[in-house]
């Protein structure tokens with residue numbers, strides 16, 4: 001296909017062959033780079049000032065320690081700011097033309113690649129099976145011809161009969177739901193999302209809704225009972241499936257592999273006699289003596305089992321709560337996979353992770369716009385975005401070596417070009433699938449190191465994408481106007497910071513490994529791209545400057561000790577520029593990507609909250625883990641929605657409600673900053689203090705106070721279950737007083 005380039009006053013559009021195009025904005029590149037140079041010069045001047053202060057310091061060790069702490073904080077802030085600029089060097093946007101797929105390839109429609117879809121779940125009580133069912137039904141109903149080329153694999157790492165029962169019900173409902181979506185050209189193909197939208201009411205719709213409600217009722221009743229009673233079982237096949245594996249010795253940590261084919265394409269039909277996609281329930285073998293490598297291990301087991309059963313060249317990975325919001329999404333991915341220029345080196349096509357039901361201000365910054373949108377746009381101009389764990393179409397070949405060097409799996413059936421001839425229910429196929437799902441299969445193999453999803457980090461998505469790009473693979477960011485996928489958001493602050501703490505541990509595992517982006521990454525992919533991955537890997541070290549800036553300026557302010565330049569000092573304007581420059585750039589990038597000021601404010605507030613909670617405690621957990629001290633294992637984030645929590649969330653009210661060390665730090669910070677600000681304000685009003693010398697410290701304390709308003713409300717004004725626990729408030733007050741007295745003692749002996 002011929003490549004065409006068109007240029008307007010502000011943008012350049014490159015048509016790469018008809019199925020997709022690329023748009024770049026040279027002016028943005030120039031402005032970003034110019035600002036980066038100016039700000040970098042300001043950073044160098046700031047460190048010159050720091051060094052002068054340290055060299056000229058003749059005071060006590062305490063004063064030197066304070067100055068040195070601020071220097072370390074500014075060094076880390078400068079390092080993180082420098083790495084984030086890599087995302088802004090060459091951002092680009094893409095456009096796909098899926099409507100041309102059928103037109104241009106009408107004679108090859110049956111040669112479209114087969115598609116294997118992986119959906120992972122782990123706990124039926126934290127990840128309700130009904131949600132997983134809705135996700136599966138939404139992708140089973142894709143506009144993909146022929147539909148028989150789609151295979152859905154549900155990996156249940158909890159090994160729960162409740163989840164299997166839910167999918168037995170889903171398989172029966174699919175025979176009605178898929179033709180309903182097809183004949184009525186439904187766009188919203190998750191049943192729950194559709195019936196909660198402004199759908200057209202008629203007899204057909206009411207009939208299908210009644211069927212869905214009946215299925216929903218049966219699934220929820222089984223979950224409530226905690227077991228599948230015989231009166232819920234419809235036939236002998238279901239009875240055998242539910243009793244064959246779940247015996248008295250079965251536990252979620254010790255059980256054989258389970259593979260249950262619920263729908264077989266080419267054999268099972270919908271109510272219009274058209275084919276249905278494959279639907280396979282799967283739970284890998286587990287025992288306590290074998291490492292299971294969390295989600296990465298589950299995905300690799302899926303990779304092998306699907307290789308034996310269907311071996312589709314394209315794989316879609318989805319979180320259990322991330323349902324399809326656009327039935328044409330596979331065609332959008334094919335716009336890139338079918339491009340002969342991209343195909344040889346294209347590992348994956350990543351779609352944004354988007355959430356439904358966010359409140360107006362997005363109080364927990366669940367969008368994570370930097371990670372899921374603005375940064376991938378920037379990385380797309382540097383050979384592709386990182387993998388974010390869901391909404392990603394992979395080329396199966398990418399899991400077996402580099403683009404130019406094939407890593408052979410142990411058996412020929414796992415070769416990515418192997419053609420499966422026998423039906424998926426054939427005894428030979430099922431036996432081989434159970435074999436590759438055994439917990440000892442990976443022993444002394446390259447799985448997790450040179451093949452498949454990579455082991456060595458709790459953030460297997462980030463690590464796998466990073467390693468693939470180090471091997472020479474490229475990726476593409478596909479961001480259509482209509483979100484391709486929509487997921488559930490956490491509605492409690494504890495869930496948010498706990499999830500981020502887990503990410504922090506995993507990121508540090510990469511940052512300080514032999515594959516660190518600072519060393520291995522720079523050698524493998526160059527400085528600019530490696531800096532993108534470096535920024536993520538070192539996210540948790542935000543905790544150092546944020547924690548120090550949350551306490552040192554305020555505690556010195558309480559004791560009347562100035563540590564920053566006066567307003568009348570020319571150095572003061574350097575601090576003003578650096579604050580406004582960093583925050584202004586961040587706000588501009590956020591709002592230029594369909595953001596609002598309210599949501600940007602929530603985003604920067606959550607950055608500070610994560611720094612004092614997730615990043616800090618994640619760093620501590622990483623250190624204790626490497627010192628051999630036992631820490632908690634992988635925890636699944638709850639997807640269950642409490643009604644009262646949901647109401648408070650939609651009202652924009654923060655949810656605390658549990659006693660946690662992370663909340664103690666937050667409450668202590670809020671108390672110290674409030675007292676420091678009010679005391680200094682009172683001293684200025686009374687004429688006991690000069691604003692000129694303490695303005696920056698007061699500004700920092702006041703800025704933190706404004707960001708802590710939801711915390712003060714939760715500590716003092718609220719009486720609901722989501723308020724800050726009284727024990728946390730009392731202990732935090734005691735801790736704040738202790739810190740104040742300790743600093744008063746130290747500063748009094750300077």
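Using the three backbone atoms N, Cα and C, a Cβ is placed for every residue, glycine included.
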Open item on the list: Can you identify, from 492-511, 512-531, 572-591, the stretch that TrEMBL calls transmembrane segment?
Closed with: 572-591
Open item on the list: Please identify the range among 10-29, 30-49 that TrEMBL labels transmembrane segment.
Closed with: 30-49
Open item on the list: If you look at how TrEMBL annotates this chain, which of 433-452, 453-472, 533-552, 593-612 comes out as transmembrane segment?
Closed with: 533-552
Open item on the list: Please identify the stretch among 30-49, 61-84, 694-716 with the greatest number of Cβ pairs below 8 Å relative to the transmembrane segment (572-591).
Closed with: 30-49
Task: Distance from residue 127 (UDP-alpha-D-glucose binding site) back to residue 319 (Mn(2+) binding site), taken between C-alpha atoms, in Å - done: 10
Task: Beyond the flanks of the transmembrane segment (728-747) by at least 6 residues, Cβ under 8 Å - done: 62, 551, 555-556, 558-559, 561, 656, 659-660, 663-664, 667-668, 671-672, 675, 715
Task: Chain residues in Cβ proximity to the transmembrane segment (30-49) (below 8 Å; excluding those fewer than six residues from its ends, i.e. six or more beyond) - done: 71, 74-75, 78, 81-82, 85, 88-89, 571, 574, 577-578, 581-582, 585
Open item on the list: Run through 126, 127, 157, 295 for me and report the binding-site residues whose CA is within 10 Å of the CA of residue 461 (active site), in sequence order.
Closed with: 295
TODO: State, in range form, which of 61-84, 533-552, 694-716 has the highest count of Cβ pairs under 8 Å to the transmembrane segment (656-682).
DONE: 694-716
Open item on the list: If we skip the immediate neighbours and take only residues 6+ beyond the ends of the transmembrane segment (533-552), which ones have a Cβ under 8 Å from one of its Cβ atoms?
Closed with: 66, 69-70, 72-74, 76-77, 79-80, 83-84, 86-87, 371, 386, 462, 466, 469, 503-504, 507-508, 510-511, 516-518, 521, 563, 607-608, 610-612, 614-616, 618-619, 622, 669, 672-673, 700, 704, 739
Task: Same-chain residue ranges lying at least 6 outside the transmembrane segment (61-84) that approach it to Cβ under 8 Å - done: 39-40, 43, 46-47, 50, 53-54, 531-532, 534-535, 538, 541-542, 544-545, 548-549, 552, 556, 563, 582, 746-747, 749-750
Task: For residue 295 (Mn(2+) binding site), the number of other Cβ atoms found within 10 Å of its own Cβ - done: 22
